[in-house]
Each structure stands twice: as C-alpha cells, then as structure tokens.
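A.B. asks: Below you'll find the structure I mean.
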C-alpha cells in the first residue's frame with residue numbers, strides 16, 4: 001500500500017494507473033462505516049484510494065478541529081487489511097494557498113439545515129472535495145447517506161463542474177443497537193450514548209408511521225416524545241432534492257435530525 005503525502009505525489013500515482021479508481025474521502029478515525037465504503041469500492045474498481053485529511057475549512061470557530069480524533073497509523077492498518085492500494089494524506093499547507101479561488105455552496109440549499117447551523121461548513125466541504133476530485137480523478141467516489149445534505153450538494157457540484165465521476169450512495173452503517181456510526185461517537189459518555197439511541201429510535205418510528213399516515217405534524221409529534229437529547233437543532237422533512245415537503249412522499253422523502261447529546265453534536269436521517 002502506497003502512502004501519498006502531497007498532491008503532486010497523488011497526481012503522479014493516479015496518472016500511472018491503468019484501470020478504474022474507486023475513491024473514499026475521509027477525515028480519518030476510520031470505523032466500520034468507512035470500511036463498508038472501502039469494501040464496496042474494492043468490489044467495483046481496479047484500484048482503491050482513500051484520503052485522510054482533517055479539513056480545517058469545514059470547521060467553524062469553536063468546533064472540534066483541534067480535538068477531532070487522529071490516529072493515522074491505526075487507519076493505515078485498517079486500509080491495508082481492506083486491500084486499499086494507496087492512502088492520500090495531505091496537509092493543510094500543501095492543500096491550500098494564501099490566495100484561494102473559493103468555491104461557495106449554493107445560496108439556498110447550502111445554507112439550510114446543516115448549512116444554517118454550521119454556516120460556511122459546506123463551502124469548506126465542497127472546496128476540499130473539488131480539490132480531491134481534481135487530484136485523484138476517480139472513476140467512482142463513495143459517500144455515506146448519513147451525511148445526506150453533503151451527498152446532495154456534492155452530486156450537484158459534480159454536475160455543475162462537469163466532473164466525469166460516478167457518485168455512489170452508500171447505506172448508513174449502524175451499531176447493533178441502531179446508533180449511526182460516527183467518529184464523534186467516542187466523545188459520548190456511557191449515559192450519553194444510551195440517550196443518543198433515542199435519535200435512531202425516533203427516526204425508525206417515523207418510518208414505521210409513514211406507512212400509515214402522510215401527516216408530518218403527527219409523525220414529528222411522536223418523534224419528539226421519543227427523543228431524549230439536550231438540544232434539538234432540527235427535525236426536517238425534505239425530498240431527495242432537498243426541497244421542504246408538506247406531507248410524506250413515499251420513495252422521495254428524507255427525514256433528517258440534528259441534536260446535541262451532552263456537548264456532542266450528532267446527525268442522522270432515514271430515507272423513506
């Protein structure tokens with residue numbers, strides 16, 4: 001397995017390959033969710049490249065940039081065992097210049113929900129993903145459905161910038177008890193983790209109710225009765241194009257939820 005430390009190294013490496021490239025961009029602290037993306041990429045491509053980069057431009061002031069879990073050697077071992085061909089580990093210094101050409105998230109759909117609660121977050125996400133796509137030039141790139149709004153915006157960017165890349169949507173990976181896997185779960189105390197389960201339980205209940213009623217107010221009311229969080233930031237009902245909807249549309253509805261349990265911010269969703 002090759003370790004690529006700079007954009008130039010990565011560009012030269014990918015130019016030398018003859019075959020399809022599956023790309024899994026990550027911020028490290030790899031877990032089973034990341035592994036499921038890597039495994040899917042491994043099955044569908046001749047080569048698999050994983051990037052590990054804690055991207056500073058997608059963190060807001062006061063967020064967890066400094067304490068975000070970093071365990072590079074353990075991540076390398078996970079990648080090696082999973083059959084990854086190369087890991088790209090750039091630094092902020094070789095990814096960004098002092099005079100950046102900035103990419104901005106769409107004015108409406110980039111600034112609702114996650115974009116409203118974390119203003120500027122998606123500017124940073126799209127900026128770095130655009131750079132990574134230009135460096136790696138993958139055939140396919142793999143993203144989890146847990147970050148549904150991010151997934152939607154990346155697909156829009158791919159269309160807008162005419163990238164010849166297939167974006168592969170991957171199901172959210174969960175613990176046996178239903179908690180959506182996240183690198184930030186390590187921040188949760190035992191008591192907080194138990195309460196965090198109320199998020200997936202509320203979403204599961206919403207999905208079950210949606211087969212009986214299309215009434216969003218009724219579904220949201222039941223979700224609120226289940227939730228046991230310290231700060232509910234939003235419950236939202238949207239279609240696959242992130243337009244707000246007035247009633248459940250079977251096959252074209254995503255229910256999204258963001259909340260803090262203790263000081264840890266968690267997001268989850270369910271596609272109906």
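Note that Cβ sites are derived from N, Cα and C of the backbone, with glycine treated the same way.
What Swiss-Prot shows for this protein is this:
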type     : residues                : note
ACT_SITE : 34                      : active site, proton donor
BINDING  : 27-34, 144-147, 181-184 : ATP binding site
BINDING  : 58                      : beta-alanine binding site
BINDING  : 58, 150                 : (R)-pantoate binding site
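For the listed features, I'd like the structural context: burial, neighbours, distances.
C.D. replies: According to its DSSP assignment, residue 34 (active site, proton donor) is helical. There are 26 other CB atoms within 10 A of the CB of residue 34 (active site, proton donor), with all protein chains counted.
Classification of residue 146 (ATP binding site) by DSSP places it in coil, neither helical nor stranded.
Every protein chain shown contributes to the tally, and the Cβ of residue 58 (beta-alanine binding site) ends up with 21 other Cβ atoms within 10 Å.
Secondary structure at residue 58 (beta-alanine binding site), as computed by DSSP, is helix.
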A.B. asks: What is the number of other Cβ atoms found within 10 Å of the Cβ of residue 31 (ATP binding site)?
C.D. replies: 17
A.B. asks: Counting distance between Cα atoms, which of the recorded positions 34, 58, 150 is nearest residue 183 (ATP binding site)?
C.D. replies: 34
